[in-house]
Amino acid sequence: MFAARQAFNFSQRRAFSASARQASKVTVLGASGGIGQPLSLLMKLNPRVTELALYDIRGGPGVAADISHINTKSKVKGYDPTPSGLREALTGAEIVLIPAGVPRKPGMTRDDLFNTNASIVRDLAKAAADACPDANLLVISNPVNSTVPICAEIYKSKGVYNPKRLFGVTTLDVVRASRFVSEIKGTDPADEQVTVVGGHSGVTIVPLLSQSNHPDIAGEQRDELVNRIQFGGDEVVKAKDGAGSATLSMAMAGARFAESLLKAAQGTKGVIEPTFVDSPLYKDKNCDFFASRVELGPNGVEKIHEIGKVNLYEEKLLDACVTDLAKNIRKGVDFVQANP
Ligand code: NAD
Ligand code: LMR
């Protein structure tokens, strides 16, 4: 009994000292934006973060000065919008979050952002590939279905591509699904885990309600719920009426995903987050990237889970998903080939 307790205390101490020792620099690119500011705030509140680097083409140092007064231990620094500022912000990073780029206005699809955001993400990916090729790259900028393949192509062209370290952040779809289901069922959203697979736009967002706590949701109610999850982003864009898209809920979702990665890097086992990664699941349908439940570990992606059992309705959703997703992925790859 005593020996068992001693062994337990020892392993706990080891776990504690290992995580206490770990230095985790997190860099936010686009840190003064609608997402960037609350996301940076949440990362400042995360005790696992030891250093926070804030970069934007405008306002990075101001946001950093503000956040740096918060009395948590991490160091905060804002960087000038110069190539050397960007390089310094990235050097030594364990996690790079990219919410840089323009958001939608009513009537636009995420793909309508491609022309502006593709080159922004390409250039930031180039800087990250040079300065911190081993960091986890978390892409928030839309259209995620295309910006993630853009990053992959850039990393490949520089010979530093590691598919285990590149993530499209689709956490907001999962957060929304859990919230919307709980509203219907009158439950605590914390108890509702809904797997959402595919990509991050319209019909490429596929919630698997048959695998949730409520496979009974059916008929018109199911159709409405699936539609709300797929087009939850449009709900916010419409309500903001020209002032942008989801920022606060996205900051929460991005911070949750970053925390999961940090936790997994610091030794916690069994951390699973749905995310858009280089995946074998639908490569045969020309989708080299696919969001599904992914176990995270010290090396990034530890294990990509199978989709699991789906019903006929979900099979149809998946068919529609892969058709669009394959085109979105191709568009990202073609862009880098034409505009390296
Ligand atoms: P925003 O306009 O409020 O902020 C974007 C920030 O990026 C600005 O501060 C801008 O100065 C900065 N920026 C632009 N070019 C840059 C560059 N080259 N380097 C560094 N910073 C640069 O927009 P937002 O509301 O924060 O949204 C940002 C992006 O996130 C959009 O593309 C939006 O569609 C996307 N988004 C994704 C999700 C998701 O679930 N993945 C959710 C919400 C929004
Ligand atoms: C979202 O899902 O809220 C984001 O992708 C932003 C958008 O354009 O809808």
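Placed from the backbone N, Cα and C atoms, the Cβ positions cover glycine too.
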Next on the checklist: Can you find which of N71, N142, N213, N227 TrEMBL lists as binding substrate at the same site as R104, R110, R176?
Outcome noted: N142
Checklist outcome for this item: Among D56, D130, D234, the candidate listed by TrEMBL alongside G30, A31, S32, G33, G34, I35, G36, N117, I140, S141, N142, M250 for NAD(+) is D56
Next on the checklist: For H200 (active site, proton acceptor), which of the listed binding-site residues (G30, S32, R110, S141, N142) have their CA atom within 10 A of its CA?
Outcome noted: R110, N142
Checklist entry - Out of R104, R110, N142, R176, the binding-site residues in the record, which is closest to G30 (NAD(+) binding site) when you go by Cα distance? => result N142
Item to check | Inter-residue C-alpha distance, R104 (substrate binding site) and S141 (NAD(+) binding site) (nearest angstrom) | outcome: 11
Item to check | Fewest other Cβ within 10 angstroms of its own Cβ, chosen from the binding-site residues G30, G34, G36 | outcome: G34
Checklist entry - Out of R110, N142, R176, which of these binding-site residues is nearest N117 (NAD(+) binding site) by C-alpha distance? => result N142
Checklist entry - Relative to ligand 2, which of the binding-site residues G30, R104, R110, N142 have a Cβ found under 6 Å from one of its atoms? => result R104, R110, N142
